Amino acid sequence: MWTVNLIWSCPMRIILVMALLWQYLGVASLAGVLVMLLIMPITTKLASTSHKLQKKQMGWKDSRLRQMGEILSGIKVLKLFAWETAFMRSISSIREKEAVTLRKLAFVNGTITFLWICAPFLIAISSFVTFVLIDEANILDPSTAFVSLTLFNTLRTNMAFIPQLVAEVAQSRVSFKRVTDFLLSEELEGRSPDINTNDSNAIEIDGGTFCWTNEEPPFLRDISLSVRQGSLVAVVGPVGAGKSALFSAILGEMHAAEGTVRIMKGCRLAYVSQQAWIQNATLRQNILFVKPMERTQYDLTLSRCCLKPDLKILPGGDLTEIGEKGVNLSGGQKQRVSLARAVYQDADIYLLDDPLSAVDSHVGAHIFKHVIGPNGALSNKTRILATHDISVLPDVDKIYVMSGGKILESGSYRELMNQKGEFARFIEENRKKQDEDDEDSSPEANENEDKTTKRMSSEDLKALMKRTGSRLSRSISRTISVEESEKKKAQFIENEKMEIGHVKASIFWTYFRYATLHLTLFFMLGFAAYKCFEIGSNVWLSQWSSDEPLPDGSQNVPLRNMRMGIYGLLGLGQGISTLIATIIMAVASTRASIRFHKSMLWSVLRSPMAFFDTTPLGRVLNRFGKDINTVDVGIPARLQSVVTLIIAIIGSLVVIITTHPIFIAIMIPLSVVYAFIQIFYMTTSRQVRRLQSITVSPVLSFFSETVQGSSTIRAFGSQYEFIQRQNKHMDTNCRTFFTSTTLNRWLGVRLQFLGNTVVFITALLSVAQRNVYSPAIVGLTLSYALSVTENLANFVRTWTMVENQMVSVERIYEYSHLASEASWKTESINLDLNRWPSKGAITFRNYKMRYRAGMELVLRGINVDILPGQKVGVVGRTGAGKSSLALALFRIVEPTEGTIFIDGIDTSVLGLHDLRTKITIIPQDPVVFSGTLRINLDPLEEHSDEDLWRAIEQSHLKSFVLSIEAGLDYQVSEGGENLRICTPEIPEKLLNSTFPF
């Protein structure tokens, strides 16, 4: 933020300097103004190019972070299918394009830097040359030369900020434009339902036609319904009928092209989404939501939603941290927590989108009886229930039958069955499907029923899991009680680590090594050469100004011309050395940022699932976003400034000490004071920077979580509470920025005093030794003493920024060396992987497993033999260990003890890629990535179009894909939202359609 003042102060200082130059050089100073006017259009054009490249780079960055967010959200699926390398290639491809843009941007900014470094010298030489040429009587004496030189140094200092200002203004313009576009985008306020004046109906829709956006065709057509206050209404229909979309229309999440939605005045809504939205908080906080604790109501809610038994399993009871996206709960538990949240809010209208789909049948029956049904806790509330469970339909007051985005029938259960229309066919189809499932799931190999071990093939297990869906594929990870204090047991998310003390030298060494050492050396030599040329030109100017005129009083023209020529060559050397050093820096820094990103990406993708279960998404994205951007843009510019300032300070001190050797004695105590100020400031500032990095992670995590649950939050009318919570996170982060700004002001005052002391002592020594040194040498010394003040202040501030920004390298380095999973490829045995497995025999021998060190076992001495060709069902209540068995097969969690054999091969000796690509699973939670349908179906690009279409047909999606104009090249939006518009089930089926190959 301190650069904001430079936007107006730099131009003002430049104008004042030019005015003072007019006073000393007269009309000759106009030559300098002409040089500036010639340089301005060039830099303006380069600034425009920089702005365009900045915008392009931020676009690539957004694309990379968006895909990275999708990968982290679906990391479980990536590991189960061994897709890490495919998605790493995809991210790296985007990163490469971003790096190309960064390199171009660095070259453009380097050219701007070259021009502005050359500008003061070009202004100086043009002014001096014009001064001595326009009038033979004009003599370049020391007073004129060195006052002008001091002004030129001031001009150089202010012009040096111009490239940085141009870059930051360009970046700000891009950011402001993006924020403006977002703020001007369509809001949901205009979609809020109208007030219903009918006292008997809680909800009414008259002739409603709804679409997701104004640009898309209507998805719901001719919707008319009325829900009486206190009634229970069911909405049924096949997959993709529009049931979830109807709820979205009632909530105002869809655009009403025609008709109106009216809700009874004063009625509060509660919404249970089909995909349960869970906050990264304790179970209690998820249920309470924004309502204060009322113990009696809270306990009743837990009992009615069957959560009491789960509290005994969870290590901290209802104070257990659930983890991001409910990773610490099974699918059924998440759905029951979501339902409990709605029940506890004591709303007037409940929209329940298939809340019983993820729970066991007996649990679903209990919840319907005690919560949703005619005699349940919500019996006096208005309830709209979307469901596929036909067993509950006789108990509802009214049923709406949907298909293809329309309401086809409505009435009571008896009325609709007597009509023998669409509803009757729906009931018959569901009954047939249940009968078929019962036949398929009946044991076919029952001869050894009394044995303790059952046998099945992995291929049949997949088929059985596909038929029974989520009931046999629940949670992937959950918390097991540990023998610690209740408070520690309840904690699931690990606190973010923060280093203490200075940034280690090894971090700097790592950065320079990634940038390549020889390029780093050449970069430093380039700026050292620049400073040598600069000092040389100033010394040459001092000699020029000391030249005596000829005896007749005229100038020595040949000597004058020689002085001007060499002065010009020295200035040209400054510009060329700066340009070379800047280009080398651009190449080196881009190389370092690419290597850091690649190293961290592979390390994160190869981390075990325990890392992702205990690390919030925002924390990881912060590394790939803010920290990588610091390495891309911030560190190169600051390092360049630091090197330039170090060389400038050394050069200035060399000039002063050469003139006044006694200054060494004075410099020692000044150096001690300077070192004390620097150490004190840097120690504090460094920790503040680390706090800034840590406090920004909760901002990102909470924001991401809020966006995902925005429909639920708006349904409950809790926007204000969540805005306040986000504001608290923002306030915490902003406190660190305020502290940082205050520290900068503290530093500025002390260094200004120290620099002025250097100038005062230098001037005092010059007066005391006025008979020893010529006025030219004294003027040269004072001009460098004046520059020391600002250079010292800028060095400490800039070096602190470098060290603060090196915290980002430190954080990236930490994530580049995370604990990794087992070996990726099989190395220790001789096995033909093309023929393994050939039978599908699975054997568990004394298998024990725990999720993390310190936790209790979740699988205890499992001994199971599964013969080839058999189908076996795995049943048990929540937390029994069903999913843990699946995780064990894929080695998502490594065994504590025991072995698993597949076709006689110990899976622990196989590489993870070889193991996971040879077996498969149908995950409970669908994951769809942005990109084409083809990439979602076949991320590894191993199958032909014929294979893809065969898989689509087997998944009963052929008609849907054929209806899309782009077919397999259809672009799927982030999270598969444009597929969920069609049906919430489609992403899951699209994902599942990769498995029949």
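Just so it is clear, glycine is given a Cβ too, placed from its N, Cα and C backbone atoms.
Look at TrEMBL and you will find 448-460 tagged as compositional bias 'Basic and acidic residues'.
Taken from TrEMBL, the feature domain 'ABC transmembrane type-1' applies to 1-171 (among others).
This prediction places the mean pLDDT of the domain 'ABC transporter' (203-429) at 85. The domain 'ABC transporter' feature in TrEMBL is assigned to 203-429.
If you look up TrEMBL, you'll see 521-804 (among others) marked as domain 'ABC transmembrane type-1'.
The feature region 'Disordered' is assigned by TrEMBL to 430-460.
Beyond its flanks by at least six residues, the transmembrane segment (12-39) meets 115-116, 119, 122-124, 126-131, 134, 138, 144, 147-148, 151, 154-155, 158-159 of its own chain at Cβ-Cβ distances under 8 Å. The transmembrane segment annotation in TrEMBL covers 12-39 (among others).
Positions annotated as transmembrane segment by TrEMBL: 105-134 (among others).
Annotated transmembrane segment per TrEMBL: 511-530 (among others), in sequence order. Note on the transmembrane segment (511-530): residues 117, 573-574, 577-578, 580-582, 584-585, 587-589, 591-592, 595-596, 635, 640, 643-644, 647, 806, 809 of its chain, located 6 or more positions outside it, place their CB under 8 angstroms from a CB of the stretch.
Summarising the annotation, TrEMBL assigns transmembrane segment to 566-588 (among others). Same-chain residues lying 6 or more positions outside the transmembrane segment (566-588) and placing a CB less than 8 Å from one of its CB atoms are 103, 106-107, 109-111, 113-114, 117-118, 121-122, 124-125, 128, 515-516, 519-520, 522-527, 529-530, 533-534, 536-537, 540-541, 544, 636, 639-640.
The transmembrane segment annotation in TrEMBL covers 639-657 (among others).
As annotated by TrEMBL, transmembrane segment applies to 663-682 (among others).
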Do any residues of this chain, six or more beyond the ends of the transmembrane segment (639-657), have a C-beta under 8 angstroms from a C-beta of it, and if so which? 113, 523-524, 527-528, 530-532, 534-535, 581-582, 585, 589, 663-664, 667, 762, 780-781, 784-785, 787-788, 791-792, 794-795, 798-799, 802
Residues from the same chain, set at least six apart from the ends of the transmembrane segment (105-134), whose C-beta lies under 8 A from its own: 21, 25-32, 34-36, 39, 42-43, 46-47, 49-50, 53-54, 57, 140, 144-145, 148-149, 152-153, 155-156, 159-160, 162-163, 166-167, 530, 537, 541, 555, 560, 564, 567-568, 571, 574-575, 578-579, 582-583, 585-586, 589-590, 636-637, 640
